[in-house]
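Undergrad: Once you've had a glance at the structure underneath, I'll fire off some questions.
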Amino acid sequence: MARTTEHAHGDAASPSAVLSAADVTRVVDRMAHQLIEKCAGDDGRADVVLVGIPTRGAPLARRLAARVEAFSGFPVDVGTVDITLYRDDLRMRGVRALEETVLPEGGIDGRLVVLVDDVLYSGRSVRAALDALRDLGRPRAVQLAVLVDRGHRELPIRADYVGKNLPTSRSQSVRVRLAEVDGEDAVLVTGGEQ
Amino acid sequence: MKRHLLEAADLDRADATLVLDTAAQIDAALAGREVKKLPTLRGRTVVNLFYEDSTRTRISFELAAKRLSADVINFSAKGSSVSKGESLKDTALTLEAMGSDAIVVRHSASGAPHRLANWVRGSVVNAGDGTHEHPTQALLDAYTIRHRLGRLEGVRVAVVGDVLHSRVARSNVRLLHTLGAEVTLVAPPTLLPVGVGSWPAEVSYDLDAVLPKADVVMMLRVQAERMNASYFPSAREYSRRYGLDAHRMGALGDDAIVMHPGPMNRGMEIAAEVADSVRSTIVEQVGNGVSVRMAVLYLLLGGRAGE
Amino acid sequence: MSTLITGARPYGEDAADILVEDGRIAAIGASLSVPGADVVDAAGLVALPGLVDLHTHLREPGREDAETVETGSRAAALGGYTAVHAMANTDPVADTAGVVEQVWRLGQEAGLVDVVPVGAVTVGLRGERLAELGAMADSAARVRVFSDDGHCVADPALMRRALEYVKALDGVVAQHAEEPRLTVGAQMHEGDRSARLGLTGWPAAAEEAIIARDVLLADHVGARLHVCHVSTAGSVEILRWAKSRGVQVTAEVTPHHLLLTDECAEGYDPVFKVNPPLRTDADVEALRAGLAEGVIDAVATDHAPHAVEDKETEWAHARPGMLGLEQALSVVVATMLETGRLDWRGVADRMSTRPAAIGRLDGRGLEAHGRPLAPGEPANLLLLDPGARAVVDPAALASRSRNSPYAGRELPGRVVATFLRGVPTVLDGKAQK
């Protein structure tokens, strides 16, 4: 059943869809190709662990893994890392329920980890995820894949794979909606001047 | 969640479940890790204010706070200004001025944490007050039951022993009821409070009648001194009527578990072979205590939205 | 010197002028006119005889940081009282003629109310041997009420002797009814709430057992017994039974037991810790009914000031007791008058006439208390604005202490003026000294 669209910042300005469901599928496919191109060895196998950052990074990582697998023919390890206990903005944003941290058997030591998130904004979530990874093992290298990069970084962090660059103002809100969580795929922008 | 955790009634079902779920996630996140430390409460200060000796509870809270990277100050009544007659209020204001974010308090007077909560801006966590409550013990007990039996709804829990003087019993009755378990209190009538009829629990004087139906048997510590105040005639008679020995344990269902908040009087309320049996969760409870207290500190201190 | 109080309503009845001369009521009537008299406009105010308290703790000597005879007297006058009985549990204990005379003299010096010392029944309140009751009775303080209040005279043989002995002094033993073995460590009423709050219970039976014993003893030896601060429905029943058998027993109830219940203990604020403890709704109902019926003779405050450090602490470590003098009449108006259980004459009877009679203050000429508002009687009276309602602010109280259980509560009735033998001790709601 399709859910009606809800916005945390619901105001008079109606949200405009910058990516449709079809766009999201296309963008994820492109990211999967880029990932194979950059990471795969001679046999075409991408020896990476895709680690999603909950909430929406987790299903996104699973989708990305499924596409990489489909395109390369080799399975890809997937995990999630909950960053709640590593955030530096608890005081401002309040506590929330924790989500799962699941790593593939064998862990991440010596592996190439690709963190996956829906939106890259200040970079603080990614920093928290890096801190969490450090406590979980010692990857060979860590890369970052995001569906949307909306700019306004507050830390020296950049993504290795970007689905869509989306210049925004700080007053705007970018909402990624995924079928697994929200019942539909879309990327919406609300508020501010578009 | 409320700002303080003073008694089990401060937690509604959603809050209590959130604490247990959070503890489970923390457990999972830390399982098998070399670094058992999270940066969550870096820069926060937790004071353990203990007016009663309780090494195990203090250590449990201390470990919980340290694993969340909080700064921990242990303020024990002995050898401090408290023993020189400083009032609870003055101590509270002193700790407040030193910037404590949470005070974990153990006190021999019922209601002392409630008083403290009136005088400080930070959170107050009751680590046991007089004969009133010990809410984190009840949370770790609930966590242990859920972990062992997979559920709390409809679980039949027998709480056996000195209910009258037990803060553990009071917290467990309230919390387990909130979480859907069915509690039966088992004790000689002298060790049940007048007014126990108003509690959300059944009452029985007959342990043998209750055991076959129990999923969980929670034994409470009984102090031999109670004998001198005629709560029961002798330790031997108490043990015979209300102690859990191997023979009685045989009446339990296959999956039933035996709990004890510690410290135990082996041979009094619980026989050694029961305490050391596979049914016993006594060691597990201690470990779960740290996770549950981490969850409580995180949920109270992590901050509130819009603050 | 004469004062003309105009337009007051004696006992809440028809308005009249009251002429006061030389410490007595000279006349009561319509449109009195006396040239040169001070005129107090009392239009709309209710006039009642000055109140008499059987049970006040003034803390002097010993705990002058909590209350003094002077500050307690001022609180009493502001509450409409013209006489208060000062309990014996001071430091030193009022168990000798010397101490009771000291308290009496301090009261005279303060000059706001007549301070009537209560003498201890036993030396040091220890319940072991009788104090020199006769010496206290014969002293300048003329003690007639003897009490170990705060402690029960628990030894039944000693209680019997005390009851017998004071017959010769026209005295009365005011018993703090509490079987001590049943209240070891007791913190609040024993019931559902104490069970949940984890506070050691104070069972109703501990009070009732002593009252039952004492009325039997009083009956047996033909002595007068007074029961302090009755707090349970069971006590009311025992008293009703005893009175029906002709036992010479009288009893008092406090304002707080008429209004508050053990629900107040919920937040562990020791301002609500008191002995005997606040009880249940059913007890409150029985106490109101007993007071209306006359089974309970009097309202007595058990005014118990405590320093801040004795109350801003853990419940179990706090001292029991609460302030009462300044709000007693308001509480009685709220619980007894506005509920239709007593009329103004009933209020005067329970707060002035009967307590004065129990304390034997009613037959002392110009020094008498509890006399009716009538020509020739001592001019001890108060003027009350029954329509005024105010929220109690502990900081505004005249008592040196702040432990009022009524803080933040709106109560009816405001004492506008109090006269002690014709001299205003309170005017426009302000103490005159």
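Even glycines carry a Cβ here, placed using N, Cα and C.
Since we're looking at a predicted model, the values are computed, not measured.
As annotated by TrEMBL, carbamoyl phosphate binding site applies to B:ARG56, B:THR57, B:ARG106, B:HIS134, B:GLN137, B:GLY262, B:PRO263. Look at TrEMBL and you will find B:LYS84, B:ARG167, B:ARG221 tagged as L-aspartate binding site. Feature annotation from TrEMBL assigns domain 'Aspartate/ornithine carbamoyltransferase carbamoyl-P binding' to B:3-146. Taken from TrEMBL, the feature domain 'Aspartate/ornithine carbamoyltransferase Asp/Orn-binding' covers B:153-300.
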Undergrad: Filter the binding-site residues B:ARG106, B:HIS134, B:GLN137, B:GLY262, B:PRO263 down to those whose C-alpha lies within 10 angstroms of the C-alpha of B:ARG167 (L-aspartate binding site); answer none if the list is empty.
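TA: Close binding-site residues: B:HIS134, B:GLN137.
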Undergrad: Which residues, sitting 6 or more apart from B:ARG106 (carbamoyl phosphate binding site) on the same chain, put a CB under 8 Å from its CB?
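TA: Non-local contacts for B:ARG106 (carbamoyl phosphate binding site): B:ASN48, B:LEU49, B:PHE50, B:TYR51, B:GLU52, B:SER54, B:THR57, B:ARG58, B:ALA127, B:GLY128, B:ASP129.
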Undergrad: Given the binding-site residues B:ARG56, B:HIS134, B:GLN137, B:GLY262, B:PRO263, tell me which ones have a C-alpha lying within 10 Å of the C-alpha of B:ARG221 (L-aspartate binding site).
TA: B:GLY262, B:PRO263
Undergrad: Starting from the Cβ of B:GLY262 (carbamoyl phosphate binding site), draw a 10 Å sphere and report how many other Cβ atoms land inside it.
TA: 16
Undergrad: 10 Å Cβ neighbour count around B:GLN137 (carbamoyl phosphate binding site)?
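TA: So the number of other Cβ atoms within 10 Å of B:GLN137 (carbamoyl phosphate binding site) is 27.
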Undergrad: Which three-state DSSP class does B:ARG106 (carbamoyl phosphate binding site) fall into?
TA: strand
Undergrad: Let me spell it out: for each of the binding-site residues (B:HIS134, B:ARG167, B:ARG221), count the other Cβ atoms within 10 Å of that residue's Cβ, using every protein chain shown. Which one has the most?
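TA: The residue with the densest Cβ neighbourhood is B:HIS134.
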Undergrad: Would you count the other C-beta atoms found within 10 angstroms of the C-beta of B:ARG56 (carbamoyl phosphate binding site) for me?
TA: 12
Undergrad: Within the domain 'Aspartate/ornithine carbamoyltransferase carbamoyl-P binding' (B:3-146), how many residues are helix, strand or coil going by DSSP?
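TA: Going through the domain 'Aspartate/ornithine carbamoyltransferase carbamoyl-P binding' (B:3-146) residue by residue, I get 68 helix, 27 strand, 49 coil.
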Undergrad: For the binding-site residues B:HIS134, B:ARG167, B:ARG221, B:GLY262, which residues show a Cβ-Cβ distance under 8 Å to chain C?
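TA: Listed in sequence order, the binding-site residues near chain C are B:ARG167.
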Undergrad: Under DSSP, is B:ARG167 (L-aspartate binding site) part of a helix or a strand, or is it coil?
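TA: Note: B:ARG167 (L-aspartate binding site) is helical by DSSP.
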Undergrad: Hey, what's the Cβ neighbour count for B:PRO263 (carbamoyl phosphate binding site) at 10 Å?
TA: 10
Undergrad: DSSP three-state call for B:GLY262 (carbamoyl phosphate binding site): helix, strand or coil?
TA: coil
Undergrad: What are the DSSP helix, strand and coil residue counts for the domain 'Aspartate/ornithine carbamoyltransferase Asp/Orn-binding' (B:153-300)?
TA: 66 helix, 24 strand, 58 coil
Undergrad: Would you list, in sequence order, the residues of this chain other than B:ARG56, B:THR57, B:ARG106, B:HIS134, B:GLN137, B:GLY262, B:PRO263 that have their CB within 8 A of the centroid of the site's CB atoms, where the site is the one recorded for carbamoyl phosphate?
TA: B:SER54, B:SER60, B:ALA127, B:GLY128, B:VAL168, B:PRO261
Undergrad: Across the listed carbamoyl phosphate-binding residues, B:ARG56, B:THR57, B:ARG106, B:HIS134, B:GLN137, B:GLY262, B:PRO263, what is the farthest Cα to Cα distance, given in whole Å?
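TA: Those residues reach a largest Cα separation of 16 Å.
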